[in-house]
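Here is the structure we will look at.
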Amino acid sequence: MKKKKQALKVLLSVGILSSSFAFAHTSSAAPNNVLSTEKYNKEIKSPEFISGKLSGPSSQKAQDVVFHYMNTNKDKYKLGNENAQNSFKVTEVVKDPVEQATVVRLQQVYNNIPVWGSTQLAHVAKDGTLKVVSGTVAPDLDKKEKLKGQKQVDSKKAIQAAEKDLGFKPTYEKSPSSELYVYQNGSDTTYAYVVNLNFLSPEPGNYYYFVDAISGKVLDKYNTIDSVAGPKADVKQAAKPAAKPVTGTNAIGSGKGVLGDTKSLKTTLSSSTYYLQDNTRGATIYTYDAKNRTSLPGTLWTDTDNTYNATRDAAAVDAHYYAGVTYDYYKNKFNRNSYDNAGAPLKSTVHYSSGYNNAFWNGSQMVYGDGDGTTFVPLSGGLDVIGHELTHAVTERSSNLIYQYESGALNEAISDIFGTLVEYYDNRNPDWEIGEDIYTPGTSGDALRSMSNPAKYGDPDHYSKRYTGSSDNGGVHTNSGIINKAAYLLANGGTHYGVTVTGIGGDKLGKIYYRANTLYFTQSTTFSQARAGLVQAAADLYGSGSQEVISVGKSFDAVGVQ
């Protein structure tokens, strides 16, 4: 059972750098609820999270304040002979509605080539004072010999190398892409192409390959769509049917979900036909039928009387209703308009393939298999599954945590956390288990993962027990248990490894983690960096001396993350 569970817990997933354990110092609060924190990478001794009054007031643009600070501290950031303006590119500038600060997102570059996984977030107060700099740098790039040479491999050959390593000919969902990066491969730093292979057949995959631009060798790879089973026989692809939105009038229907409960459905009436198309929210919600094939999105679900009680309707009923619940949660709690915060439509496809034991976000929509009836029932029947997967989309459009090692485990944990909080929001038999409603229908009380007791399914509940191998993208579905346990303790309280945590409730848990994921976490955030970002997020929301700040720190103490 344990081996089975280890294989199956990779169900809930999305799309490289692993940082060593860091040391930190946190002192009393600086003005405006900014904690004075210094956290450095233990190996390269560069800052990972610095907060406090980092500069005086300024009338300069926020990015210029950040560049001035980094130039003043260029030795700490190990920029070598380059200045900050040549070492970082501003990729986003947004306003923080809580602190009225300007948040600047930066991408590290070398010779105008982006450095994989090396991004920074900086918070500049309304008066121009720099408050926080968070992120990971690749050090001393001007000293790396391989970066002084010329690339020998072009983009086309890099794609060919990735396809050869893949070992089979897929049916692509979109054309392969390739982009040149500076890439850290352990202690080696070189130019590498990041190749993306996105396909549905013979088994869904969204691979990222790292191909050395000098030698043409594959340095690393990972898949951001995980499958329960191994590669299957090819499922014949049908020609993509028309799946255009319809124009009509809003209607209210009803239907029975996978577990037999009745739900109200927002639909569209057009030419005497009802469609599972909800036009009433800031983002339109569409639900499609793949008809047991693998072509996406399929056909828009239709009905003649707006009553969806047939057995085959159940998966569509839940996919449609739960997508709406998840949208409402993010909109009502955080004023977020869909996963991209810009009203992107929420598309779901059910009855994907035949007996398919998986659900995934493919970068643009949700996809649900029917399960084989023994391991899983239709996977859209789990609200926490839908909340989990759509949260991957939120993360992709905010921190964009790389789906490997600690950043990948943090990515998974955030999806588990918000999948659970969406379940509590709808108040439909909520709990701190993941996938319990759709997993092993013949076994009562079973689930994929437990946030309250990760060890129940073989996952670590303390940093000292973390998985250190390379399987499962470096243990993203395993080490997520450490963050899951911290989150559970933060919401509910309890004593773990001799550390007592005062619970603050699920609502505050969500606010703190959402703020950190959107305004403090960067692509390569480690558990230690996450702690610093979450503590500061709590200080922003509730005050530097608040119980919430204390509880966040204690929750990480309890799982051994400093």
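Every residue, even glycine, has its Cβ placed from backbone N, Cα and C.
Of the listed candidates (Glu406, Glu412), Swiss-Prot assigns Glu412 to the same Zn(2+) site as His388, His392. Neighbour counts were taken as the number of other C-beta atoms within 10 angstroms of each residue's C-beta; across the recorded positions Asp303, Asp305, Glu389, Glu412, the minimum falls on Asp305. Separation of the C-alpha atoms of Asp305 (Ca(2+) 1 binding site) and His388 (Zn(2+) binding site): 32 Å, rounded to the nearest whole number. Its Cβ placed at the centre, His388 (Zn(2+) binding site) has 30 other Cβ atoms within 10 Å. Across the fold, the C-alpha of Glu412 (Zn(2+) binding site) and the C-alpha of Glu389 (active site) stand 9 Å from each other.
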